[in-house]
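Novice: According to Swiss-Prot, the protein has these features:
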- ILE213, GLY214, LYS215, GLY216, ARG217, PHE218, GLY219, GLU220, VAL221, LYS234: ATP binding site (BINDING)
- 177-206: domain 'GS' (DOMAIN)
- 24-126: topological domain 'Extracellular' (TOPO_DOM)
- 150-505: topological domain 'Cytoplasmic' (TOPO_DOM)
- 127-149: transmembrane segment (TRANSMEM)
Amino acid sequence: MAESAGASSFFPLVVLLLAGSGGSGPRGIQALLCACTSCLQTNYTCETDGACMVSIFNLDGVEHHVRTCIPKVELVPAGKPFYCLSSEDLRNTHCCYIDFCNKIDLRVPSGHLKEPAHPSMWGPVELVGIIAGPVFLLFLIIIIVFLVINYHQRVYHNRQRLDMEDPSCEMCLSKDKTLQDLVYDLSTSGSGSGLPLFVQRTVARTIVLQEIIGKGRFGEVWRGRWRGGDVAVKIFSSREERSWFREAEIYQTVMLRHENILGFIAADNKDNGTWTQLWLVSDYHEHGSLFDYLNRYTVTIEGMIKLALSAASGLAHLHMEIVGTQGKPGIAHRDLKSKNILVKKNGMCAIADLGLAVRHDAVTDTIDIAPNQRVGTKRYMAPEVLDETINMKHFDSFKCADIYALGLVYWEIARRCNSGGVHEDYQLPYYDLVPSDPSIEEMRKVVCDQKLRPNVPNWWQSYEALRVMGKMMRECWYANGAARLTALRIKKTLSQLSVQEDVKI
């Protein structure tokens, strides 16, 4: 009621304040001088027999400061004059009785600082919807997650049950069969294309991973244990599924197995209930890649010949087409380099990483090129690949590109040959001509435009083995792919050299 009364009396007061109630007249003995905001003619000063007043209020969003005089007759009721009262929400007023005592500044009423309250726009139906909607959505998400997890667990357990119930799997993998027995079975199998798929799956799911031994753009390589023997497990990231599928497919090509090609054991997409791992299991070679081996060790002339001859033998077998019922298509590697060749315990090479390989069907004369986003290693690309003049419809073009890369690998091996106490530090091909990670444009400029090749030192001429290696390299590096040596020709030349040097292979 007090606030309503204050509000109803506010506007007459505003009129009074804005108009100014003070006047200027002859000053009496007891007259009081006050500041007056509306007394322009008397220098903003008024005189009264009552009180000085200062007030601040907000009118239509505009802040007003009023100072004036209140006559004594208007100071009613006595003791608590109406004009001197403040209202918390409307105005702040102060009366005083000393000359110019109203020259003080008052605070704006707190009510004017508050935002006006808006009536609620939500009815009961809307409020129920706002509360129930998120609850229902959360409940739905929980159900979906539960169903997905339950589905994966059922699939996983069903696969385990099927593997356990498969009698042929039990016959093939008896408890006393070791890794050596399995490798022997693979080597002597009639098809030469690897184990049956259900056996591969069983082997892959009983491997225990031991340690990570390498990383690449495809994923990781682990050393694993299976029945007392070491195996290499290449684990592909999920985005590299095409590479995994392609490499597994190439490794299981009929009649592919060869002592100088990495021994394939199994491939499996392991579903552990929440995500899928893509595994490719192969023989384990503790020396690692040829790149790692040459970085750590120098080689003798005998060691150089063994590495070079075994690499040529593996590549010749890849390139070879075997005609017949159990025939083998010709295969080109397309990413041959020292990091994709492994060194076995006996000092021989095994060609690995067939994810980019292509197969040639001699009957239809077609080339099986898988849709894969990967490209070969730029440093090892042949001139015709760099300048994009390679004939993609002619299988021999891919074989010639492999030979060019093999010549670069031979250069890496020969540099580390310790002859008469002389050897050179390990370096990648073109190390002195391009940066560590060259672009295709940088390689094209060096290889195609400037026609440069790795340097063959003159002192190699003093040793027959190095002289032959240097001559072969140059014949592998011809700009014209058709003029390069074949893998079979290289193999025969190195076989003759091994006899001359009395190298026991």
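For all residues, glycine too, the Cβ spot is worked out from N, Cα and C.
On a predicted model such as this, the values are computed, not experimentally measured, just so you know.
Quick one: where do these features end up spatially?
Specialist: Other Cβ atoms within 10 Å of the Cβ of ILE213 (ATP binding site), summed over all protein chains shown, number 15.
When pLDDT values are averaged over the domain 'GS' (177-206), the model yields 64.
Note on the topological domain 'Extracellular' (24-126): DSSP counts are 13 helix, 33 strand, 57 coil.
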Novice: May I ask you to report the DSSP-based helix, strand or coil state of ILE213 (ATP binding site)?
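Specialist: Assignment for ILE213 (ATP binding site) reads strand.
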Novice: Residues with Cβ closer than 8 Å to the Cβ of GLY219 (ATP binding site), same chain and 6+ apart in sequence?
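Specialist: GLY219 (ATP binding site) has long-range Cβ partners LYS234, ILE235, PHE236, SER237, GLU240, LEU278.
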Novice: Suppose we draw a 10 Å sphere around the Cβ of LYS215 (ATP binding site). How many other Cβ atoms does it contain, all chains included?
Specialist: 9
Novice: Which ones in the same chain are close to VAL221 (ATP binding site), with CB under 8 Å and 6+ residues apart in sequence?
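Specialist: Listed in sequence order, they are ILE212, ILE213, GLY214, LYS215, ALA232, VAL233, LYS234, ILE235.
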